[in-house]
Amino acid sequence: MSHNSFGHLFRVTTWGESHGPALGAVVDGCPPGLKFTLEDLQVWLDKRKPGQSRFVTQRREDDLVKVLSGVMPQDDGSMITTGTPISLMIENTDQRSKDYGEIAQQYRPGHADYTYDLKYGIRDYRGGGRSSARETAARVAAGGIARLVLPGVTIRGALVQIGTHKIDRANWDWSEVDNNPFFAPDPKIVPVWEDYLDQIRKQGSSVGAVVEVVAEGVPAGLGAPIYAKLDQDITALLMSINAVKGVEIGNGFGAAEITGEENADQMRMGNDGQPIFLSNHAGGILGGISTGEPIVARFAIKPTSSILTERQSIDSQGRNVDIRTKGRHDPCVGIRAVPVGEAMVACALADHYLRDRGQTGRLK
């Protein structure tokens, strides 16, 4: 199975399976001389790791990242990138492959089981292999490296919808995101989501969600017209996350409901002699090129396919079966997708940052 790499100058390859001994990433193209500590990477993995609340999978993984290459250790305990490939590894320590024995020959409705088997003639039924959300741990580690490439850029994500329950944007407070198990920026939605997900869990079911990622401090001029648009690459990386079914930038599909006067971001010259935008409906990107305004992306995540509810399906022999999935699964995988979305946006921006620096010499 190919297509495990993405990026041009900042290039990432992820490897490993949900129930293998380990998984990880190789980051190629990171500039030399960037100083960081292991904690600078671990903080992002700690946001994504399972078992932190009753609303996510109870699989227990410490998700401790190891840096195997591409750095020089320093006397103060930090590391400096050398410019060679950075290899990152995260060990799997809490697999229960026996939970999947009953579905070894059965296809879970809504899952990649059928299409993987159809295309390759083999699939890793133990947790889904590469189609598992577990694969995203490697992306988050790579995203930690990508952030090192982006001076002055802040990338933050939040959960804005679970099922039909949306946040009130008037209550948006970034300081609240790390104070609840949902990464919710609206503290008033937290008890609503708690009650709702408790019901979903008791039913043995799952539900979808929407994540919003905002990147601030992105320099104007990243991206290129037509086939190298910044929003094109951000969208592609967000769509590559397992379970993502839709992505929008700025107003996104909402732009189809308003007029040109309402949608256009008008401009004026600021007191400092620099142009300013009076709104940001475009989500920080025009013509595939960043404007300097915050980049805003949202993505929709489908409900987890592995649920306890009995459903109709077929097996690998073409027989009709009724299937119920055992094991430990996220009732709402969108919760842990927040740091994954941040990582994907970071990787896209790092790649375009280096491409712009190489092509125009504007950025240092």
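For all residues, glycine too, the Cβ spot is worked out from N, Cα and C.
Positions annotated as NADP(+) binding site by Swiss-Prot: Arg48, Arg54. Annotated FMN binding site per Swiss-Prot: Arg130, Ser131, Ser132, Asn242, Ala243, Gly287, Lys302, Pro303, Thr304, Ser305, Ser306, Arg328, in sequence order.
Other C-beta atoms found within 10 angstroms of the C-beta of Lys302 (FMN binding site) number 17, with every protein chain shown included. Looking at Ala243 (FMN binding site) and Arg48 (NADP(+) binding site), their Cα atoms lie 15 Å from each other. Residues within less than 8 Å, Cβ to Cβ, of Thr304 (FMN binding site) and separated from it by at least 6 positions along the same chain comprise Ser206, Ala243, His329, Asp330, Pro331, Cys332, Val333. Taking Arg130, Ser132, Ser306 as the binding-site residues under consideration, the smallest Cα distance to Arg54 (NADP(+) binding site) is found for Ser306.
Put simply, Lys302 (FMN binding site) is 18 Å from Arg48 (NADP(+) binding site) when counted between their Cα atoms. Around Ser132 (FMN binding site), the C-beta neighbours below 8 angstroms that are at least 6 residues distant in the chain are Glu17, Ser18, Asn242.
Here the binding-site residues are Arg48, Arg130, and the one ringed by the most other CB atoms within 10 angstroms is Arg48. Its Cβ placed at the centre, Arg54 (NADP(+) binding site) has 12 other Cβ atoms within 10 Å.
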